[in-house]
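Report on one structure; see the data block that follows.
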Amino acid sequence: MQGETLMLTCSTTSNPPARIVWRKELEDSSVQHIIDNDTLIIPHAQMSDSGLFICETINDATNKTERTTVVISVQDGPRNTTVSVTPSATVKEGGAVTMTCTSSGNPAPKISWTKHLISGVSQFLSENATLTINNVKAEDLGLYQCEGVNQFGREKKTVDLIVQVPPQNTPELISPSDNVDEGENITIMSTTSSNSPPQTVPQKIHLSNTTILSSQNDTSTLYRVIKNYTDIYLVAYNETGNNTDVIEIAVVEMVKERDYVIPVIVVLSCLSPMAIPALAILVYMSRKAKINGSYNPVNTPKPNV
């Protein structure tokens with residue numbers, strides 16, 4: 001096991017006694033001289049110490065050399081487990097992301113991927129070292145875990161995947177209501193859900209241009225609305241995209257009051273005293289029209305002159 005002391009002993013029988021040399025075969029097939037001794041001791045052995053060791057016995061009197069080999073495998077549980085994410089752990093909705101897990105150990109650890117769900121349980125995803133998600137959706141965000149396992153242990157590594165989505169669901173609240181009289185004030189409140197803080201901009205749309213209305217804390221107030229304030233577009237946006245919601249406002253046009261008293265008096269001044277009752281009726285109807293905000297002419301009998 002890694003971290004333990006490795007001791008190799010080589011012995012031979014010869015007369016005169018043979019000289020013993022320890023060597024190691026390297027990855028490039030070259031041979032490295034280690035020590036001239038019958039015992040090779042490696043304290044705190046590492047996995048890098050694994051390989052082919054060669055014991056040579058050399059009899060200088062007979063000029064005879066004999067070799068024996070032993071393969072050493074330093075075993076250990078998973079170590080240095082890492083996760084790399086391409087292009088990054090923050091991805092836009094509809095994009096693709098690849099997460100790759102590596103883990104060193106002897107024997108080589110088996111890799112598995114799971115996802116931590118909101119319910120607290122783990123969802124198994126894959127036993128491949130590479131996990132790819134195409135057409136990323138909002139529900140793909142969360143904590144992903146890579147685990148390397150062999151008979152000597154296990155090691156875990158997590159990555160938090162963030163999915164950027166455009167603002168969604170932009171309901172509106174209009175005060176006092178979406179039916180107002182011309183000249184009244186109207187307040188629009190919007191609520192936008194997004195995992196990246198959005199900004200909401202109300203816009204008044206005309207056929208020829210667009211006017212950006214001022215807003216504060218997702219609340220906009222239109223003062224003394226006029227008839228052409230019919231459609232308000234709430235545009236919520238963040239670095240990922242935008243979402244538009246339309247509010248239809250019905251503005252009741254104010255009817256201008258007309259004063260019918262003076263022309264009636266001028267006309268009736270030329271009439272006979274028989275028209276006095278008609279004058280009183282018209283004055284009464286004129287006052288009533290001012291109270292109601294509108295006026296409808298009344299058919300009155302023509303006086304005899």
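Just so you know, glycine gets a Cβ as well, placed from its N, Cα and C.
Among the features that TrEMBL reports, domain 'Ig-like' is placed at 1-71, 78-160. Among the features that TrEMBL reports, transmembrane segment is placed at 260-284.
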TODO: Let me know the model's mean pLDDT on the domain 'Ig-like' (78-160).
DONE: 96
TODO: Helix, strand, coil: count each for the residues of the domain 'Ig-like' (1-71), based on DSSP.
DONE: 3 helix, 37 strand, 31 coil
- [ ] Count up the helix, strand and coil residues in the domain 'Ig-like' (78-160) according to DSSP, in that order.
- [x] 3 helix, 55 strand, 25 coil
